[in-house]
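These features come from TrEMBL:
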SIGNAL    1-27  signal peptide
DOMAIN    29-328  domain 'Plant heme peroxidase family profile'
DISULFID  C39-C118  disulfide bond
SITE      R66  site 'Transition state stabilizer'
ACT_SITE  H70  active site, proton acceptor
BINDING   D71, V74, G76, D78, S80, E92  Ca(2+) 1 binding site
DISULFID  C72-C77  disulfide bond
DISULFID  C124-C324  disulfide bond
BINDING   T197, D247, D255  Ca(2+) 2 binding site
DISULFID  C203-C235  disulfide bond
Amino acid sequence: MGIRQKLLSFLFSQLILVLMVSNHSNAMGLKLGYYHKTCPNAESIISKTTYRFISRAPTLAAPLLRMHFHDCFVRGCDGSVLLNSTKTNISEKDANPNQSLRGYHVIDAVKSAVEEACPGVVSCADILALVARDSVSMIHGPYWKVPLGRRDGRVSILNEVFAELPAPFANITQLKQMFAAKGLNTKDLAVLSGGHTIGTSHCLGFTNRLYNFTGKGDTDPSMDPNYIVKLKQKCKPRDTTTLVEMDPGSFKTFDDAYYTLVAKRRGLFQSDSALLDDPETKAYVILQASTHGSTFAKDFAESMVKMGQVGVLTGNQGEIRKHCALVN
């Protein structure tokens, strides 16, 4: 093999290596205290502004946490879920699974407070990661340190949501594959599903389990029949407006009750029940249900840090948006 071929072969192998580690190395570009010099009060401004909203409306915590999750699973944690549609493009925000997200006004208020202090420094992607963390900790959930330095993406495409975001109807095989594609393992799946301890869902997310599970007017056999009776009282077959608590009785508090419900076959979504269909996720559900969530808070914090590093843009990639709903 001549020197030229050797060089080309070497360069090609290096390129493959770069592509393999780019996701990981970008995450390495994030660090704690990233704005320490450029905007020293950023985290405190974000926390105070978030508290102003969560203290008055604690139910906003759940959609803000989900917003971060929905952002990270499509194009990585780049703030693409925050972008408005334009005349030529329908964005992620308008995809069906994102229609139930609320709290964009919180992100906008936080961004304008931060811009006032340090114009053009803090990204919307970082703001979303911090607001999600602060919201959870403000409703008695865990607190975790968020590595920062994400840049904002310039692209947001509706159809990518359906391909990338795990659906409430997903089975355990699909869920594990979708998480693995983001560098998240089976334990992360079991842990992050625990985010359903807060929030509500429209009946549409689970009525197929109550009325027409296999197209024969039947119910989902993996759901507790007594719970089905209760849910039928709240949700009629074509109900698109009623909201149901994901974790009845403590849907405003971040706790471990979700796992007790799933263990009793009372998870609201198929994707919740699916956790009982895999030995590792089932063992995690049983562990938390039987020990009052002994490791859940610590595990959730760790998995959130990991999820917050999925596909991030760093360095000179992307931009720092002036307004979170619009590219510069």
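Backbone N, Cα and C atoms are what each Cβ position is placed from, and that goes for glycine too.
Where the annotation comes from TrEMBL, it is an automatic prediction and has not been curated.
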Taking the center of the Cβ atoms of D71, V74, G76, D78, S80, E92 at the recorded Ca(2+) 1 site, which other residues in this chain have a Cβ no more than 8 Å from that point?
H70, C72, F73, R75, C77, G79, V81, G153, S156, G311
If you measure C118 (disulfide bond) to D247 (Ca(2+) 2 binding site) at Cα, how many Å is it?
39
Could you tell me the C-alpha distance between C77 (disulfide bond) and T197 (Ca(2+) 2 binding site) in angstrom, no decimals?
22
H70 (active site, proton acceptor): which of the recorded positions C124, C203, D247 is the nearest Cα neighbour?
C124
For C72 (disulfide bond), just count the other CB atoms lying within 10 A of its CB, please.
30
At the level of the C-alpha atoms, what whole-angstrom distance separates C203 (disulfide bond) and D247 (Ca(2+) 2 binding site)?
14
What is the separation, in Å, between the Cα atoms of V74 (Ca(2+) 1 binding site) and C124 (disulfide bond)?
15
Quick one: pull the CA-CA distance for C235 (disulfide bond) versus D247 (Ca(2+) 2 binding site), whole Å only.
16
Using C-alpha atoms, which one of the recorded positions C39, C72, D255 comes nearest to E92 (Ca(2+) 1 binding site)?
C72
If we check Cα distances from C72 (disulfide bond), which of the recorded positions C39, C124, D255 wins as closest?
C124
Roughly how many angstrom lie between the C-alpha atoms of D78 (Ca(2+) 1 binding site) and C324 (disulfide bond)?
11
Length of the line joining the Cα atoms of C124 (disulfide bond) and D71 (Ca(2+) 1 binding site), in Å:
11
Fewest-neighbour residue among binding-site residues, criterion Cβ within 10 Å, set D71, D78, E92, D247, D255:
D255
Rounded Cα separation (Å) that holds between D71 (Ca(2+) 1 binding site) and C324 (disulfide bond):
13
